[in-house]
Amino acid sequence: MEIFGISSQALFGQLLLGLINGSFYAVLSLGLAVIFGLLNIINFSHGALYMIGAFVAWLGLEYFGINYWAALILSPLVVGVLGIVIERLLLKHLYKLDHLYGLLLTFGLALIGEGVFRNLYGSSGQSYPVPEILQGGVDLGFMFMPLYRGWVVVAALSVCAITWYLIERTRLGATLRAATERPELVQALGINVPVLVTVTYGAGVALAAFAGVLAAPVVQVNPLMGSNLIIVVFAVVVIGGMGSILGSIVTGLGLGIVEGLTKVVYPEASAVVIFVIMVVVLLLRPAGLFGKQA
Amino acid sequence: MSATAIPSGASAFKPGGELLRITDLHAFYGESHILHGIDLTVNKGELVTLLGRNGAGRSTTMKSILGLVGRRTGKIMFNGTDITAMAPHRIARLGIGFCPEERGIFSGLTTEENLMLPPQVASGGMTLDEIYTLFPNLHERRHSPGTRLSGGEQQMLAMARILRTGAKLLLLDEITEGLAPVIVKKLGEVLRLLKTRGYTILLIEQNFRFAAPLADRHIVLEHGSIVATVTKEALPSQTEMLHQMLGV
Amino acid sequence: MSNTASQSAKSDFILQTVGLTKEFKGFAAVQDVNLNVQRGHIHALIGPNGAGKTTVFNLLTKFLQPTRGTITFNGIDISREEPAQIARRGVIRSFQISATFPHLTVLENVRVALQRKVGNSFHFWKSEKTLNSLNDRAVELLESVDLGEYVNTVTAEMPYGRKRALEIATTLALDPELMLLDEPTQGMGHEDVDRVAELIRKVSKSRTILMVEHNLSVVETLCDRITVLQRGQILAEGPYAVVSKDPRVLEAYVGVEA
Amino acid sequence: MKPVVASSKSQAGLMFGLLLVAGLVAPFVAYPTFLMKLLCFALFASAFNLLLGFAGLLSFGHAAFFGGAAYVCAWLVKEAGWSPELGLVAGTLVGGGLGAIFGWVAIRRAGIYFAMITLALAQLVFFLALQLPFTGGEDGLQGVPRGKLFGLVDLSDNTAMYYFVFAVFFAGFALIYRTVHSPFGQVLKAIRENEPRAISLGYQVERYKLVAFVISAAMAGLAGSMKALVFQLASLTDVHWHMSGEVVLMTLLGGLGTILGPGVGAAVIVALENELADKVGSWVTVIMGSIFVICVLAFRRGIVGELKALRERIN
Amino acid sequence: QVSDGVVKIGVLTDLSGVYSDVAGKGTVVATQMAIDDFNAKEKPSFKIEVVSADHQNKGDIAANKAREWFEQGKVDTVSELVTTSVALAVQKIAKEKNRIALISGAASTRVTNEDCNDVTVHWTYDTYAVANGTAKAVTKAGGKKWFFLTADYAFGHSLEKDAGDVVKANGGEVVGAVRHPFPGSDFSSFLLKAQSSGAQIIGLANAGGDTINSIKQAAEFGVTPKQQLAGLLMFITDVHSLGLKTTQSMYLTEGFYWNLNDDTRAWSKRFFDLHKRMPTMVQAGQYSSVMHYLKAVKAAGTDDTAKVMTQMKKTPVNDFFAKNGTIRDDGRMVHDMYLLQVKKPAESSTPWDYYHVRATIPAAEAFQPLSASKCPLVAKK
Ligand SMILES: Nc1ncnc2c1ncn2[C@@H]1O[C@H](COP(=O)(O)OP(=O)(O)OP(=O)(O)O)[C@@H](O)[C@H]1O
Ligand SMILES: Nc1ncnc2c1ncn2[C@@H]1O[C@H](COP(=O)(O)OP(=O)(O)OP(=O)(O)O)[C@@H](O)[C@H]1O
Ligand SMILES: CC(C)C[C@H](N)C(=O)O
Ligand SMILES: [Mg+2]
Ligand SMILES: [Mg+2]
């Protein structure tokens, strides 16, 4: 069967791969959005923390025999704590300054993170095995779908859904949303906003680490794995509208699929399609697809 | 509305005695010097109003108590604790509820989420049911976004929000602003009720007629300084002077 | 002139709005405001906090886009123009929160305003010394607001009250036909208030002024006409003597019933 | 009354004089290729600073102008046989042209958004440089001949090349200096200080920002094409976002909004990279990152800014 | 005379990236071994120094480093230069500065073809040689329909072209190709393309980490075993990290295998003691080239580029790496190559015992003949 002269097999296959990539975009941009919402900081080190998340999983397996499933919980915890330390030690001092300083500081952190791991482990990448029960795959007719990739989509979507639920439907989330609107007043009502900020940052980077662990068996665990991805994710966040939770999830998945589609139709453009969409969106809707108009 | 719905004040707050003492308070926004040495005390169970023209510094006084102004000097004691250098949330948790003049309803939260936002700081706050009995409108609209409420409803919400927490000192900034007379009347009843239950209230009002019968004392500010204090007893003889000062 | 103006036709209104409305997500901050400012007047806009005064200013200068309504300046419809264009027509505003260029010197602050009319503002290849020809005029303006001694001070280092004075000087530098002042005496001590009030009176000679002011004594002494806003709508309008007796105003703004 | 600070004129003269002397004797003291690299980056950082330091716009996409121009210049000189000086002119124009496009899209947003948008646009340019047929993909354009200046001076001689680079740098730097200290620069500063106020005085601020952006991009382009000639190659490194980050670092370290700061910052970073590369290997990135963090946290005025502050405190 | 009495060798290689296993630190070790052996045996009158640096597989970094070494560091020869783009860039600088480039790791035939010059020697192997070995063997074994998965840079292009030529020359057909970014990490969408192309053989025109990942992901996506992979350039380290289970029966072509004969085993054992891994052909070639260079300097009595080049070219190479190897005028060092097949896990008896040697490709056939060369140095003959 063919659609527009493209075999449906290739089309569906690429769309599915796009969805898998989109899952990573979604989880990463979700973390960025959560952080941006409350701290007003574009967390440039998000990609590095994603990479560190993957490395923590790899190191755990290599040196302590910690398996994938444990790593899926442990690594976000470790990285979350790292995030908390970063926030308490460094970011805290920047809130009164122009928000650009947050961007610059986290950029510096990204360089440090990447550099340290590059020195310790080189940039050739370490391979992380697919966990036993997710090896193999299913034949979907149009393509052979490795189980693990299917799991990535399921896990990413679940985490997105949980995060969305936490923020939009719970008391904690309500507090968070209120603090995004008027931090001072929320504090005056007796809520410890500084701690909330710290925890939020920790949680946001834990999401990055989670994505990192998910990615570990898919790509080589490699110090540079986050640095190119993150720019795309920035574009996703800009397109979705900064700070919008639902926006970042939907846009992340959507753009992954669009990218997949481009690979079928005009592969040369697949690397840039997201940036092109970003420019178009900005010209038409400066606040992004889901952003509140300024 | 049943009076028994409101439990009496917690035992930690013995009746009488001083609850809030402000000494030589100066406050600044950036480079403008707003308060020029305020001294005032509020006793337990008292209702004190802050009067003054627009821009006299009444809201600033309140915000200073909670540590919400850019910079302040002087000393603020609450229930025997020096709170001058405390973080705002810790001050609030000592039992101070704040209802800001711009109401501060969160648009991203539903009415009920707004209501549930402030944490319980002491026992003896009202329950959700009691609050809904007191303000039936809020019950009706509890699932709609906070800022979709009418101005009056938002004002009720802002008040109700701090009644849940068990705070014993309420800082109320222009709660009748822009409200229909019926609601104003209702708020008057609520305040009276709160008073009988041992709440201590610091009230900013433009609407002198609303404030006069409720208050134990009136404090008048002008250009960031206290220019007069009038007790309930002295009020009849001094009303004329107050009107003068308030620029009528 | 104010004599003839009061009798003659509409064209003596330098600024008029018809049905001016601004809504923020369904909340009407300014509603159906018909404002008429007479040429040569000092016109005050008062009202409780949040009444929409600053919003009106923002609409008049197009820092905000009106949801509805038209604005005419000198008989020209300016409802669709850009902020900078409106400034070029001679409507210059000051801000509620002091608006100077903090790291430029006081002289440079005024010169930036003077420079606009010279038309060399895009000349990046010329030396800034070409601006020195504006110094005399700048100093003159500064002296008129008693800032002569501050000429070379970096603005940030001046006391607050002097900054408000500088703002007025900067505004005057453009020789505006209509000056919009948002709470010019806010945050000032008594003597500064008097000084600024005096200054406003002085500069009002050849122009029209629309000001927002909470200080009623300033309003009383300076203003020819007063518009009272409440919750986005005009509550009352007229000379001070009339408005200050209006029971609705007393209730809404002053806070007592007559 | 003499309101303008009298010493500023002679100070500027002194600065340019010293710069000239230093530039002329430098090759007798240091390795010319190193100096040329330094000058290219000093010009790049100064151009960047024009935007961030004097117009308050943080572009995270300046690599696009630097690298884009490097590619165009390299291609024209190598494949089309243009002379080096024409290559530089073309590179400058390309930088400016790209700047106009970026500016047109980005200037409608401010702050973080502006940074993000420029970053993403630069990424577009990066992919173009990777994929367009004439860019040499991963390899870049190598073996670009330095050629003969005006058909006369053979630039393959390092000393000759150095003096050419220095002259170009000096001219570019002087232009930036002039822009900052021009009527236009005054308005730019005013906009940075208080944009709403500038608007209310009748300035159409977006136009000023756009012009500043274009000048900055053009000078970045000049620096990039010069780099292409010096090293005889244009490569993906030049258009990579790390390059955009590096120029921010140079500017921040040297002193944002100071005239000499970016040059000083560039010198420090280039020297560090040169010195450290052999000794600490790839720890260089970690060191760069740390400098970034330290600058942002404790040293926001940068080297020149701190020195200035120190001098003022002493006076 | 040797300038300053010092011969300085620069090792410019990938110390941290995807080719760091293939070349990397091991080539620095091999260089040092060569120098130590040379000093011990030949007792030269000059001193020998080494510097090394990481070029991160980036042509510009390499070019800048080489330039600095030549201009400031008094480096006489720059060596190794894994990654084609690096080699091509540095080769040009060497020519300009009139110093010698000894290339071991880089693969493309461009080094001695279009881009040849008279200061460069290409030592170990090239894309023609490996394609000629592996692609020919696979095509002859019945794999006629090919699809290429190509690393998108000079090396990949070169390998794809050379292998495509061999496939066609042997009666096969190329049905398509897809180029992936270098270095790549996720190959799934490219593999999907390869899958839907209907080719029998997917030729991997990439190397190192990229090849390893492509092979793994091909298995993950069920591309293999329905379609077969041909690793056009694989090294023993790749087989080592993938394991015999994944790679069994694959054909590959190398210029060196440690377990060929006593000489290779002896040298490799020494190398293993120092580096804890068996040598790749790049590392062995590095030793061989440096040794040959040092001997030439000694024989010529000078480090002058032209004289040393002449000396190197007129002396045959005879060591554990090559028997009767010669350096042609285009700079190509020609020697025997080996067609190898990966053992089944059961067939491997000792660690690193990975290959069956299926054929020795004689020097004369292994490399592109001079008659087909595009090198200006030999074209007009
Ligand atoms: N955030 C702020 N920044 C600068 N100045 C402020 C700020 N908030 C208030 N002010 C100024 O401080 C002074 C006192 O303000 P405050 O809000 O305390 O007045 P108030 O007595 O509550 O009167 P009202 O509420 O009627 O305006 C006023 O001049 C006001 O303009
Ligand atoms: N950008 C905005 N978005 C939403 N609401 C706004 C915005 N700007 C102003 N408002 C609201 O519009 C109303 C009018 O505000 P405005 O600043 O005009 O009041 P004002 O009369 O100037 O008060 P003040 O005397 O305190 O300066 C207020 O309720 C304010 O919260
Ligand atoms: C070690 C290698 C595989 C290097 C690669 N073949 C190249 O020349 O680019
Ligand atoms: Mg107030
Ligand atoms: Mg206002």
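Cβ atoms are placed via backbone N, Cα and C, with glycine included.
The transmembrane segment annotation in TrEMBL covers D:12-31 (among others). The list of residues near the transmembrane segment (D:12-31) in space but at least 6 beyond its ends in sequence, with Cβ under 8 angstroms from a Cβ of it, reads 159, 162-163, 166, 169-170, 173-174, 177, 181, 259-260.
Annotated transmembrane segment per TrEMBL: D:38-66 (among others), in sequence order.
Cβ atoms under 8 Å from those of the transmembrane segment (D:86-105) belong to residues 59, 61, 64-66, 68-70, 72-74, 76-77, 117-118, 121-122, 125, 147, 168, 209-210, 213-222, 224-226, 228-229 of the same chain, restricted to positions at least 6 beyond its ends. Taken from TrEMBL, the feature transmembrane segment covers D:86-105 (among others).
Residues 57-64, 67-68, 71, 75, 79, 98, 101-102, 105-106, 236, 239-241, 244 of the same chain lie 6+ residues outside the transmembrane segment (D:112-134) yet bring a C-beta within less than 8 angstroms of a C-beta in it. For D:112-134 (among others), the entry in TrEMBL reads transmembrane segment.
Marked as transmembrane segment by TrEMBL: D:160-180 (among others). Tertiary neighbourhood of the transmembrane segment (D:160-180): same-chain residues 12, 16, 19-20, 23-24, 26-27, 32, 35-36, 39-40, 42-43, 46-47, 49-50, 54, 84, 88, 146, 149, 153-154, 188, 212, 215, 219, 222-223, 226, 229-230, 259, 263, selected by CB-CB distance under 8 Å and a gap of 6+ residues from either end.
The transmembrane segment annotation in TrEMBL covers D:210-235 (among others).
Residues annotated as transmembrane segment in TrEMBL: D:247-271 (among others). When Cβ-Cβ distances below 8 Å are used as the criterion, the transmembrane segment (D:247-271) is approached by residues 15, 34, 37-38, 41-42, 44-46, 48-49, 52-54, 58, 60, 62-63, 66, 173, 177, 180, 220, 288, 291-292, 295-296, 299-306, 308 of the same chain, each at least six residues removed from its ends.
Beyond its flanks by at least six residues, the transmembrane segment (D:283-303) meets 246, 249, 251-256, 258, 261, 264-265, 268-269, 272-273, 276-277, 309 of its own chain at Cβ-Cβ distances under 8 Å. The transmembrane segment annotation in TrEMBL covers D:283-303 (among others).
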